Every structure is written in C-alpha cells, then in structure tokens.
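Participant: The structure's right below; bear with me while I get my questions together.
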Amino acid sequence: MLSNRSLFKATARAQQITKTFIRSQQTIRMVSGTTLKLNTGSSIPALGFGTWQDADEQAAAVETALKVGYRHIDTAIVYGTEPAVAKGIKASGVSRSEVFITTKLWNNAHHPDDVEKQLDTSLKNLDVDYVDLYLMHWPVAWKRGDEKFPRDSNGKLITEDIDYLDTYRAMEKVYHSGKARAIGVSNFSQAEMERLLKEASVPPAAHQYENHPYLAQHDFFAWHEKHGIHVTQYSPFGNSNPTYDKGKNIPKLIEDPVLVEIGKKYGGKSGAQVALAWGITKGRTVIPKSKTPSRIKDNFEGDFKLEAEDVKKIDGLDRKLRLNDPSGNFGYKFFKDLDGAA
Ligand SMILES: NC(=O)c1ccc[n+]([C@@H]2O[C@H](COP(=O)([O-])OP(=O)(O)OC[C@H]3O[C@@H](n4cnc5c(N)ncnc54)[C@H](OP(=O)(O)O)[C@@H]3O)[C@@H](O)[C@H]2O)c1
C-alpha cells in the first residue's frame, strides 16, 4: 500500500512526465517544416522570414512569425531590423538555438579589417553570440566608415577598390572563429561565383539572389546544384513588393492564373503559397516578407511539395524579369552574365 506522501509524489512525477512529453510534442510540431542541408552539414529551414522594410513593425512581425512556426529569420545590418529581430525572438519565447538567423555584411565594410567588426555589431544588435549564416550582401565595396551610403558632393556613391575575394577571405576567418556558422554571398554573377569557388578555401554555403517564377534562372540554379551551393530565393513574390513596381503596371506574379489554378488542386492554396512551394519543391529556401499577421500565417502554409507536372508549368512562366538591379546607383555592373540584367 502506498502512503499518502508516496502517492502524492508518484502523481506529481506522472504529471511532470506528461508535461515534458506534451512540451516535446509541441516542439516537434513547431519545427516540423521542411529543412534542407548546407554543405557545412548544418540544416537550414526551407521557409524563412524576410525583414527588409517596415523596420518599426518588424519586432511584432518576427514575434508573430516565430509563434506561427517559422524558424529562420533573414535580416541585414543595412535593413536596420537586427534590433527588431532580437526583440521579436525574445517576445516569442522561442529559444535562440531553435532559430536559424541569417544576416549580411554591408558594402561599407568590405575592407578585410572591417569584416569582423561589422559582424560584431550585428551580433550585438541581434543579441546573440553567433549567426547561422553570414552573407556578403553585394560584390561591390564602398568607402570605409560609418556611413551606410557614402556619397560624394554630386550625390554619387563612393566605391573603393577592394576585391570581393579579399572580403570573402576575411569572412572565412569569422567562419573559422565560430561567430558565423556558415558563410556565403548574395547578388553575385556566375563569373563571380566561379572565381570565388576556385580561389576561396571555404566554399560558399549559400547564395541568396532574386528568384521567383518570373525570374527563374534555371541554368544558374543548376550550376549551384552541381557545386553544392544552397540557393535562397529573395523576393519570392516577385513584383508584390511595391518598391519594384515603378509604374510598370506588370500584373502581379501571385495573381498569375497558372499559380492560382494549380493552387486549387492542392486544397485551395493561394498563388502566393504556390510560388513558395515551387521554390521549396526544387530544394531552395524562400524568405517571404510580410508585416501583416494573416499573411504571415498564410505564407507559412506555402511549405508543401508540388507534383512534377505543376513544377514544369510554373517553370514555363519565366519572363527574365529582374526587379532588383541597382547597377546604375551602386557604381558597379551586377549580374553581367545573368538573365534580366539591366
Ligand atoms: N539579398 C538581397 O539583396 C535582398 C534583396 C531583397 C530582399 N531580400 C530579402 O528577401 C525578403 C523578401 O523579399 P521582398 O521583401 O522583396 O519581397 P516578397 O517577400 O517577395 O514580397 C513582400 C511584399 O509582398 C506582400 N505580401 C506578403 N505576403 C503576401 C500575401 N500572402 N499576399 C499578398 N501580398 C503579400 C508584402 O506586404 P505586407 O508586408 O504589407 O504584408 C510585401 O509588400 C526581404 O524581406 C529580405 O529579407 C534580400
């Protein structure tokens, strides 16, 4: 016969075990999205959350995203959203170790002596002691210093003669130190990628570039696959970002009849969800941005697989429509050998 005290202890223990089990089930449910592998051996969630623009609303947006289940946040020092990302993570109650954080080195810190310093600032902003992925934002170097957009008296951005390879070598050092668990680049051309792969000692783990059904870049993606470099699609909704419209009045990608029609086959998915699923089915990461709670939630339901015939139909939508090419302003010719270059 158990005494009252033993009975009380046994009941408390059983309750504790039940709670732990429920908590572990919740954790499994919350992190059960598609994950992909980087060439470092680490996993990267296929669905990430973009934080460019609307800086004042990003703390709430990141908190909502993490509560919905996203486990990958994309930011950059130049977005000014790193502190908001830190706030959002804290408010969500999700532990740092569960979140894959990507941030980016800005063009004013390409000098090899500046790379670690700028990463340290990002780590401080994010209130973390490492990032999961550190990217060189653009291959162009600007004048060293605190100014994010250093301009001459004519308003022209001031470039510096710093080879992106030397910048990347400094990034290799922060990779070896553990402050960045993986390193990579963004907005590189194929020739720049080939040179990097040939000359660098740490192959880039990821390349983040503009990619959506209207700028499919099939051959460029195949090149990355061949070389084991993970691709993250930025602006996965193409011209949904109003910054890109510039009065062109191009019909919205996410309203494209092909995407909408395919969505019906998958239980009423939206064009936006199908656009995300297209990238995920191909083994890429997608990082949609939204400050709107209902859209943050809807976009999370874009993590599903499409059948091959539907992928093929979406592949056929390519218009080589590049929306983000600041070649004129940034003092550098980007994407020279790629589709849709200006
Ligand atoms: N490496 C780079 O150089 C680079 C360049 C650009 C972007 N990025 C990264 O990629 C992320 C995503 O790219 P992006 O911000 O250009 O564009 P995006 O995610 O393709 O589109 C965002 C726009 O679509 C709207 N939207 C979001 N979900 C929607 C839905 N379900 N239905 C209708 N509209 C929806 C958003 O509005 P609301 O916010 O008002 O809801 C916003 O205006 C950025 O936030 C950033 O992290 C990186």
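Cβ from N, Cα, C; glycine included.
According to TrEMBL, the record shows the following:
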ACT_SITE  Tyr79  active site, proton donor
BINDING   His137  substrate binding site
DOMAIN    47-318  domain 'NADP-dependent oxidoreductase'
SITE      Lys104  site 'Lowers pKa of active site Tyr'
Participant: Tell me whether Lys104 (site 'Lowers pKa of active site Tyr') sits in a helix, a strand or coil according to DSSP.
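Facilitator: In three-state terms, Lys104 (site 'Lowers pKa of active site Tyr') counts as strand.
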Participant: Considering every residue in the domain 'NADP-dependent oxidoreductase' (47-318), what is the mean pLDDT value?
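Facilitator: Across the domain 'NADP-dependent oxidoreductase' (47-318), the average pLDDT comes out at 97.
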Participant: Compute the C-alpha separation of Lys104 (site 'Lowers pKa of active site Tyr') from His137 (substrate binding site), stating it in Å without decimals.
Facilitator: 5
Participant: Which of Lys104, His137 has the fewest nearby Cβ atoms, counting only those within 10 Å, among these recorded positions?
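Facilitator: Sparsest of the recorded positions Lys104, His137 by Cβ contacts within 10 Å: His137.
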Participant: Based on DSSP, name the secondary structure state of the residue listed as 'substrate binding site': helix, strand or coil.
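Facilitator: In three-state terms, the residue listed as 'substrate binding site' counts as coil.
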